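Please read the structure below before turning to the comments.
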Amino acid sequence: MRYNQFSYIPTKPNEAFEELKGLGFPLNKKNSDKANLEAFLRHSFLNQTDTDYALSLLIVDAKTDALTFFKSNSDLTLENLQWIYLQLLGFIPFVDFKDPKAFLQDINFPVSYDNIFQSLHHLLACRGKSGNTLIDQLVADGLLHADNHYHFFNGKSLATFNTNQLIREVVYVETSLDTMSSGEHDLVKVNIIRPTTEHTIPTMMTASPYHQGINDPAADQKTYQMEGALAVKQPKHIQVDTKPFKEEVKHPSKLPISPATESFTHIDSYSLNDYFLSRGFANIYVSGVGTAGSTGFMTSGDYQQIQSFKAVIDWLNGKVTAFTSHKRDKQVKANWSNGLVATTGKSYLGTMSTGLATTGVEGLKVIIAEAAISTWYDYYRENGLVCSPGGYPGEDLDVLTELTYSRNLLAGDYIKNNDCYQALLNEQSKAIDRQSGDYNQYWHDRNYLTHVNNVKSRVVYTHGLQDWNVKPRHVYKVFNALPQTIKKHLFLHQGQHVYMHNWQSIDFRESMNALLSQELLGIDNHFQLEEVIWQDNTTEQTWQVLDAFGGNHQEQIGLGDSKKLIDNHYDKEAFDTYCKDFNVFKNDLFKGNNKTNQITINLPLKKNYLLNGQCKLHLRVKTSDKKAILSAQILDYGPKKRFKDTPTIKFLNSLDNGKNFAREALRELPFTKDHYRVISKGVLNLQNRTDLLTIEAIEPEQWFDIEFSLQPSIYQLSKGDNLRIILYTTDFEHTIRDNASYSITVDLSQSYLTIPTNQGN
């Protein structure tokens, strides 16, 4: 374990003393540090009346137990504090450490010892070996009662809301939409979980089209074959129009007011929401139009879908109506809500957070968007090509519609509405235009970057630099496009398409607690969070602060002095093998074992680089045909320790999200010996070589120059590292698999790579 603490708010000695006293610790400024430490320890043994025995189980040095020490006349030393602090945080002497000073240095322990009250205060805010902060562990053990009132420590809400007395209710929010032309406004089902309290409370909202169920068989049947011919396109310039965001003005309902009349027993919850539920935040889960319990069509990513989620935030602020049922005869008021909302969730869920933020909806104070899509074209297409998300060849937006249109999972709904649904789905399948792979109005209507200037909320993004599902370009684009007037924060980790709130190496939960206590509960805690926090790829459990995602300097590296050719065609056996399992293709590609058609360029580095942003390949090429795919990957190649991309369990169910509530595993990315690491990659239709909206003809055997931007990353490279560039045609994981007989020739003497860095790195 190594500490990377971003959540602690520096506290003055007097303030620390008052907070400790407020928690019930019997401290006294007139007493010695030793006496105050003993009082602190005895009060911490919440489940034991025999505190002498509890003290006797702690040690203050390699030979003395704490009970003996406190009965003696020995002075309290720094070494004594170090032994005790480590034990309070769950580290075991003679197992985890023998020399506390050296161990504390190794784990980057953030606590100082100048003032006993400041020191104990900071200690309480530190995470233990199990992942829980000491204060959270003590509250769970009974330091404070679950009295359904707010209690704070170091600017963060504590788990004092009773999760055994939760209210679970369902309402149906009326939208301004009619996505299936039914003649009625679409209703959206909302599942609410909230503590029983007299306070008006903020809301953690997860907008998840998956939460009411998914239709795997329909999606599987809809999934496309990737084998086919790459189209030769007519040269043209694509025209699109940005439509202003607008919706029908709603007026207050005059219907009778009623409490919610529908409840539920269970819903798959997001554990970060659970953490905040026990701290006085309501949790709501909304699947939006076209899902089970709601009405309407699954419009998949456009602003109609976004509006269906926006209506829920408007209801929390008293602006639209929610009904007790589909009868629409009684309304429910959100009189428990303070109107302030934070959205949460990963992937599609985080994507809806971005879309909501771009509406500028009142009441949305914070989005916590993890691995979020910023433009749907970049999810299912790339540079004029159909480009499946990593791991899902053949998926497209209409396949996702089939997966998430969960109304068809309800038989009565199916027989009434499936014909209309199928007609709308067919229209969607035509609009996505798999034949050309080009940008068009349909994709433009699902590009949230067009409305990013409307964002008013505070923004928190997390993204994996090894996420080839929702690729890093999504967060790179949106984060750098956000208005300068808002506060924005970005956590970039070395994992794939995963959550990071339950990792051992970073206090993400506690940082979000400080931020949401500030923004949604109005606590003036002076919390400041850095703009870009990046997981260092060279060292285990180490996070660094950067000024920006994207460097201000470009380093140029030549690619060689020869001309090399890439064949596209494979023999039938090899082609069928790679089509059957794209992982076989990737393995052969990265090994460079002459089984795949590729150009491999090894670039031994002559100095250190902190790669920060989008690498670009500047290539002089010619092709033998009027169509061609060019794919590229950049690898850090050669044996050394690197991160795996999927976190593994450190301790099972050790993370407590309240008082023994919704426990989950503590995880971390393994750091092990490996042969290579993908830094970046990309694919390009050479007919779209200038920009996304311009289609140009290819003249066979005629040289032309291209600039090819790859996926952005932040990656520390060292002098002597081998940077491997692989150039090839068909990517069997992502692109159309056209086995046509064409080739691409690259003039390496006229080609180079640019690496984005910060000046001086």
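Indices start at 1 and increase along the chain as displayed.
A Cβ is built for glycine as well, from the same backbone N, Cα and C atoms used for every other residue.
Annotated active site, charge relay system per Swiss-Prot: SER347 (among others), in sequence order, evidence recorded as sequence analysis. Long-range neighbours of SER347 (active site, charge relay system) (same chain, six or more residues apart, CB within less than 8 Å of its CB): GLU370, ALA371, ALA372, ILE373, ASN469, VAL470, HIS497.
Residues annotated as active site, charge relay system in Swiss-Prot: ASP467 (among others). Proximity of ASP467 (active site, charge relay system) to non-local residues of its own chain (separation of 6 or more, Cβ distance below 8 Å) is seen for ALA371, GLY390, GLY495, GLN496, HIS497, given in sequence order.
In the shown protein chains, 21 other C-beta atoms lie within 10 A of the C-beta of HIS497 (active site, charge relay system). Summarising the annotation, Swiss-Prot assigns active site, charge relay system to HIS497 (among others) and lists sequence analysis as the type of evidence.
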